[in-house]
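Participant: I grabbed these lines from TrEMBL:
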- A:45-306: domain 'AB hydrolase-1' (DOMAIN)
- A:SER129: active site, nucleophile (ACT_SITE)
- A:ARG184, A:ASP301: substrate binding site (BINDING)
- A:ASP271: active site (ACT_SITE)
- A:HIS300: active site (ACT_SITE)
There are 2 protein chains.
Amino acid sequence: MKSELKKMLEYLEIGDLVLENGTLIRNVRIAYNVYGNIDNAEKIIWICHALTANSDAETWWPEMIGKDEIFNTDKHAIICANVLGSCYGTTFECEEEKPLITVRDMVSAHQKLADSLKISSIDFLLGGSLGGMQCLEWSIINPDFIKNLFVIATNCKHSSWGIAFNEAQRMALELGEKGLDAARAIAMLSYRNYKTYEYSQVDDINAADDFSAASYQRYQGEKLRKRFTPSAYYSLSKSMDSNNVGRNRGSLEKALSKITAKTLVIGIDSDILFPVNEQQYIAKNMENAVYEQIKSKYGHDGFLLETDKIKTLLKKHFDFL
Amino acid sequence: MKSELKKMLEYLEIGDLVLENGTLIRNVRIAYNVYGNIDNAEKIIWICHALTANSDAETWWPEMIGKDEIFNTDKHAIICANVLGSCYGTTFECEEEKPLITVRDMVSAHQKLADSLKISSIDFLLGGSLGGMQCLEWSIINPDFIKNLFVIATNCKHSSWGIAFNEAQRMALELGEKGLDAARAIAMLSYRNYKTYEYSQVDDINAADDFSAASYQRYQGEKLRKRFTPSAYYSLSKSMDSNNVGRNRGSLEKALSKITAKTLVIGIDSDILFPVNEQQYIAKNMENAVYEQIKSKYGHDGFLLETDKIKTLLKKHFDFL
């Protein structure tokens, strides 16, 4: 396969896949982006995207990927693939209307993609939130395949609080197409926090109605509805709930101890959805991991927004960047 | 009027009322409960209820009200009235389908009820959450009328975060009757917190679906739908948003300084919806207030559940209890 510098969305058929719960999905097609050239890249960098993102990582993480960026398209090949269940190009057929796709299933599909792309190992695997969950699973399923690892604002088992947030969103999704607006508005509460809303949504002292925080919620809901689908949102939120590296592996500790990659785990001090104790737990139970914490006013969304702080820590811990 | 020991729901017609925004509501009928005897009570105690509660305070605060309880029905007359906009007996007519009822409007109605009951002053006014908002407003509107005051888990201006939570709930409510389930599920996330869900919703280590936190959300939603109405929920959430003692009074500080009652303000350390800085702010800006903080694992719901801790603090600060 002759690789060129390509930034366009590509598709690859990986055939059928048996999901973790035994369900067969057929004709799986993975949508993915490659920035740079796989064949002569110094390093293969694989980015796992989060809930409503897509494989065009440069669009949602522009400060991280580019000619002069930390993920340098002149030197590295940077790959990002759209996850199973998303609505950004990855597709499959299934007899069940709502098959449960776990984080492990997402990883299985991407391992097949990597094999098809003749990638023998990933030099640097990284992701935040649902992306981080995939990174951990991949590094447990195939430790030798992953040389270096970076996860941020994620966990190794989704919390009951996180599941409760997701269930409230699914309850809204079941009420019709505009349920996606409400689901997104709920999610925003967990991506930000009390203080974020307090300083960004300010009203006239004499207001009694039409508050800016209310408009913000509606705006965010509408914005997502225009670019996403309720069924994809439903599926991905179930995937997130499923996250538990300890499932059928004895314990969380045993699963995490299988990871051999040199690892950086970052927690964000203001993240209420994935509080820092979750990232501290991950690092503590891995053989070769360092924990770092960043201050942010953005809460969970800090993993997308605090790129300067993230880059500084990446350079500190990974020589090749 | 001959008063007897009565615990039954009573109704009183208070006529018409002009709301804060100028809207006229007609034939206002207030539903209320009196425990004890107003005419020969040592103290008149008035409880303001929270969002989805009703005037039968003994049912939702049983450890606080009764023959041998801190609000002693043998010695005190304890009054609780259902707020404007609720679905527990208080009614009115209005040409507008969804008039904005502010916390001040709720208080205006209850002042009329108190006047009709020939109550010349309230010895002890108290409430938590939306109830506390009413207490503060009442003490500002009519300072001489309120002798002692206790508020818990409340604020003097509803936060942008709180408004955002409420708006997400209203977005769900607009999607049909089952929107109330989703709204309640959203609200539960703010009444509890990460830790509450973590220790109360536990699953098998090998579970990939059907998590207890998800069932809990559905259960709480259904439970509320069976006893409440979407329109009342909508109205009351808008009332909560409207809470701002500073509106058209210059500032929050100026408004709070008008309160003369001896006051106890309690914050709950784990309350994410009304964080303790809000109660500290209230106490700091009042002439005659003390701030106390209680530890609770229940978050905001601690104001209903931590009755032992609350009673200890009430006895410490109010001799007559």
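Any Cβ shown, glycine's included, is placed from N, Cα and C.
Those TrEMBL annotations? Automatic predictions, nothing curated.
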Participant: Relative to the Cβ of A:ARG184 (substrate binding site), which residues of the same chain, six or more apart in sequence, are found under 8 Å away?
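Facilitator: Once residues fewer than 6 apart are set aside, A:ARG184 (substrate binding site) is near A:GLN220, A:GLY221, A:LYS223, A:LEU224, A:ARG225.
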Participant: Minimum Cβ neighbour count within 10 Å among the recorded positions A:SER129, A:ASP271, A:HIS300, A:ASP301: which residue?
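Facilitator: Least crowded of the recorded positions A:SER129, A:ASP271, A:HIS300, A:ASP301, by Cβ count within 10 Å, is A:ASP301.
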Participant: When DSSP is mapped onto helix/strand/coil, what comes out for A:ARG184 (substrate binding site)?
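Facilitator: SS state of A:ARG184 (substrate binding site) = helix.
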Participant: Across the domain 'AB hydrolase-1' (A:45-306), what does the pLDDT come to on average, as a whole number?
Facilitator: 97
Participant: Compute the C-alpha separation of A:ASP301 (substrate binding site) from the residue listed as 'active site, nucleophile', stating it in Å without decimals.
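Facilitator: Taking the Cα atoms only, A:ASP301 (substrate binding site) lies 9 Å from the residue listed as 'active site, nucleophile'.
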Participant: Which whole-number value in Å describes the distance between the Cα atoms of A:ASP271 (active site) and A:SER129 (active site, nucleophile)?
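Facilitator: A:ASP271 (active site) to A:SER129 (active site, nucleophile), Cα-Cα distance: 11 Å.
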Participant: Cα of A:HIS300 (active site) to Cα of the residue listed as 'active site, nucleophile': how many Å, rounded?
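Facilitator: Cα-Cα distance, A:HIS300 (active site) to the residue listed as 'active site, nucleophile': 8 Å.
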